[in-house]
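What follows is a short report on a single structure.
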Amino acid sequence: MIEEEVLKIIKPTEEDKKGIEKVLEIIRERLNKLDFEVEGSFRKGTWLRQDTDIDVFVFYPKDVGKEYLERNALNDIINRIKDLDYTLAYAEHPYVIVNINNVEVDIVPALRVESGDKAITAVDRTPFHTKYVTSHLDERGKDEVRLLKRFMKGIGVYGAELKVQGFSGYATELLIIYYGNFRKVLEEASKWKHPIKIELTKPMKIFSEPLIIPDPVDPKRNVTAAVSLKNIATFSIAAKYYLKNPSIEFFFPSKKVEEKVKGDVLILRLNLDEKSSEDIVWGQIKRSVNKIERALKQYGFRVIDVQAWGDTNNITIAVQLESKNIGQYYLNIGPQYYSGTIEDFIQKNDNIWVGEDGRLYSIKERKEYDAETIAKKNIVLKVKYNIESYWLQNTEDQQIMKFLRKTPTWLK
């Protein structure tokens, strides 16, 4: 059975666990006498082999407040690990990423609160998530979560960060707890029609998102608020096709051969000079993508697709047009002859005539007719960056080929 094959690949071995424990031993020594806990998928037993990010939360009394976490707590943590390979990262507040033996450990300052619904910062709920999941999943359930995570990774809908807008690890765990197993999740997801409500607890507010899973530890929060409709639809379609024809391709998509360039494709390579929060950068990138598409359409280009991918330092924006060539002049359609606005139209336009349909027309010159210039002008990044741009001829870049292909490998 395919799921058993996949599980053999993704389930950590005892050797893997020992390797993680050795790394944690180093961290435990550094955080000695602090109130800290290992959280996340490693603690819950739902982590995937070779996906070895570990979450360690250092808790401080809730009375010290959020500002204390950003300054005092962070400095305390840095002083304890400063001789190790570490970098600063940014979410709601800064935290530290330590790299030991190619294992990333996120050390996150948080506030110790009485319950999940009393959280002051988003991460304060984490220990309650851990307790909820570990008390509702047995060993088989943890394997079912692993299968669901790998399936979602394979089809590109895993990850709650703004760049992906997909399912979080916690969301996959709740789906398994609610439906019972991997296959059952797919059976139900294949029939989804939004809005979809999955209630492990009664919600404490009205949610408007397409997929609603009230958080069992804080019912005022929707666990899947960040999941885009595109990713919900992709997951539902993938579930339907997997149940019809199970294949390892859903879990581990193959790389396809070179895809033909259709239309004209502009590639914009952005290299960011400054470090910033991933969600902040990707919020600006997504706004840029939308702005580029709107502007090109406004100037008369027929846009096929605009997408972006990359990390927080190197980002690619791909713009696919039916054609990059567009006339310097265009037909401007005016009002009907009996309209009260014809005088205004005549005053503002040249080369005016009355059409056979009784409507006024004119010829106007486009303010801008170079697609590359328009695209560059509509990038709205607030950090400094360098940009390289070119029109695609051919490529061996897997991400660009994926962009050109459009169709996921599991679909066809």
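Cβ atoms here come from the backbone N, Cα and C positions, even for glycine.
Site annotation (Swiss-Prot): ATP is bound by Ser41, Lys44, His129, Lys149, and the candidate from Tyr60, Tyr158 recorded at this site is Tyr158.
The Mg(2+) site recorded in Swiss-Prot includes Asp53, Asp55, and the single candidate from Asp16, Asp106, Asp117, Asp124 that the record places there is Asp106.
Cα spacing between Lys149 (CTP binding site) and Asp106 (Mg(2+) binding site): 20 Å, rounded to the nearest whole number.
For Asp55 (Mg(2+) binding site), the count of additional Cβ atoms within 10 Å of its Cβ stands at 20 [all protein chains shown]. Separating the Cα atoms of His129 (CTP binding site) and Asp55 (Mg(2+) binding site) is a whole-number distance of 13 Å. Listed in sequence order, Thr130, Val133, Thr134, Leu137, Lys142, Glu173 are the same-chain residues at least 6 apart in sequence whose CB falls under 8 Å from the CB of Lys44 (CTP binding site). For the recorded Mg(2+) site, residues Asp53, Asp55, Asp106 set the reference point as the centre of their Cβ atoms, and the other residues of that chain within 8 Å of it by Cβ are Gly40, Ile54, Val56, Ile97, Glu104, Val105, Val108. When the binding-site residues Asp53, Asp55, Asp106 are ranked by how far their Cα is from the Cα of Tyr158 (CTP binding site), Asp53 comes first. Of all the binding-site residues listed here (Asp53, Asp106), it is Asp53 whose C-beta has the fewest other C-beta atoms within 10 angstroms.
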